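Here's the structure, in structure tokens; my notes come after.
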Amino acid sequence: MYRVGYAFDSRKFESFIVDSFLECAKQRGIDLVQIHTDRSLIEQGPFDCVIHKLYDEDWKKQLAEFSALHPNTPIIDRPESIERLHNRISMLEVVTQLKISLGNDTVWIPKQAVIHESKALDDDANAIEELGLKFPLIAKPLMANGSDSSHKLCLVFDREGLKTLSVPVVLQEFVNHGGVIFKVYVAGQHVKCVKRKSLPDIAEEKLETLRGSVPFSQISNLAVEDGDDSVESNIERAEMPAGELVVELGRALREAMGLNLFNVDMIRDGSRYLVIDINYFPGYSKLPAFESFFTDFLWDVVHKESGIAAFPYSVFFLIYKLDGAYLHARDVAAAISKR
Ligand SMILES: Nc1ncnc2c1ncn2[C@@H]1O[C@H](COP(=O)(O)OP(=O)(O)OP(=O)(O)O)[C@@H](O)[C@H]1O
Ligand SMILES: O=P(O)(O)O[C@H]1[C@H](OP(=O)(O)O)[C@@H](OP(=O)(O)O)[C@@H](O)[C@@H](O)[C@@H]1OP(=O)(O)O
Ligand SMILES: [Mg+2]
Ligand SMILES: [Mg+2]
């Protein structure tokens, strides 16, 4: 049996380390072994591979010491490479460097800019015009480090709405996309794309009446639960991006970032696919047949079948905190339609 060590917080542990996955891996000769971070990692080895989603300094130190002793054991992924995804600017920069296209379809990102100073958000500042951005905007905390506050976003309709924001914040143009988001899950050389519910379009005439800002949080996680048939059928009808484009996006990003485990949130605006978010070690367990999808990846790793992506990259980040009450997806939709 191959030993794959895993280190997660309790939330990830509960959603990901489920019996069906442990069983599937076991049948392919892989034993998944829990790593206890309060004990020495070295003493809990040996491992044929380590997977993890923890970012504290103590854990990074443990990984570095383990790596020094076992340089041939793959650590999936290197903390230095993951850090790129903790900042919403560096996260998307790589997409613009890659310039991916297939036929008429291109992959790009929405127009966006980062604001570090709150005075730039004042009423009389022309920050938005100077940055070449147009309302409506989505404001996203610069840091995307998995904290609850990093998922607290805000739709901003005018200058007044900007005043409600805390810095540092990324202002990204809101792009109508039919209420459907494509989520491309990557696990090494394995790539799978699914459709999910997204923010609804905002009609041009509606825009004239919308004022201020509307906060929201983790919309694509919400099931289409409220019996809204039109949303459901929108999702069903939406055409999937070409398989080749999806695979190429996954491959190119994996190589460029030196990461093996991530997903890409992508929306469609005509022939442009716009990447709006990239997440490290996302919720694979929400994929149909995730057990075999992820086991295939682990099998590749322990059998050294596919080169493990690895790339030295490092960015520094600030801790960011945002307070306030946040609405759910359907409340946002309701708020938009009521105004
Ligand atoms: N530029 C945009 N134009 C239109 N809708 C957008 C845009 N950016 C984000 N959204 C909507 O907001 C949702 C949340 O945005 P985003 O994925 O950036 O946040 P997140 O907190 O990082 O999400 P996750 O839970 O996937 O990590 C998206 O799923 C999409 O519905
Ligand atoms: O828990 P879930 O299954 O919802 O997974 C979500 C995951 O949460 P978890 O890793 O804490 O579990 C999030 O991680 P953080 O940014 O908060 O670190 C982020 O990756 C989301 O994009 C994932 O949702 P998905 O993109 O797959 O829909
Ligand atoms: Mg997202
Ligand atoms: Mg995200």
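Here, residue 1 is simply the first one shown, and the rest follow in order.
Every residue gets a Cβ built from N, Cα and C, even glycine.
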Worksheet item: Of Lys111, Lys119, Lys183, which one shares the 1D-myo-inositol 1,3,4-trisphosphate site with Lys12, Lys53, His151, Asn279, Gly283 in TrEMBL?
Response: Lys183
Discussion item. Given a separation of at least six residues and a C-beta threshold under 8 Å, show me what packs close to Asp277 (Mg(2+) 1 binding site) in the same chain.
Written reply: Arg88, Met91, Ala144, Val264, Asp265
Worksheet entry | For Phe182 (ATP binding site), nearby residues of its own chain (Cβ under 8 Å, 6 or more apart in sequence) | Cys193, Val194, Lys195, Arg196, Met240, Pro241, Asp265, Met266, Ile267, Arg268, Tyr273
Practice prompt. Could you list the residues of the same chain, at least six apart in sequence, whose Cβ is under 8 A from the Cβ of Gln172 (ATP binding site)?
Written response: Pro110, Lys111, Gln112, Leu137, Ile138, Ala139, Lys140, Ile276
Worksheet item: Of Lys53, Phe174, Asp265, Asp277, which binding-site residues come close to ligand 1, meaning Cβ under 6 Å from one of its atoms?
Response: Phe174, Asp265, Asp277
Discussion item. Give the mean pLDDT for the domain 'ATP-grasp' (99-319) on the 0 to 100 scale.
Written reply: 89
Worksheet item: Among the binding-site residues Asn176, Ser198, Asn279, which residue has its Cβ surrounded by the fewest other Cβ atoms within 10 Å?
Response: Asn176
Worksheet entry | binding-site residues near ligand 2 among Lys12, Gln172, Ser198, Asn279, Gly283 (Cβ under 6 Å) | Lys12, Asn279, Gly283
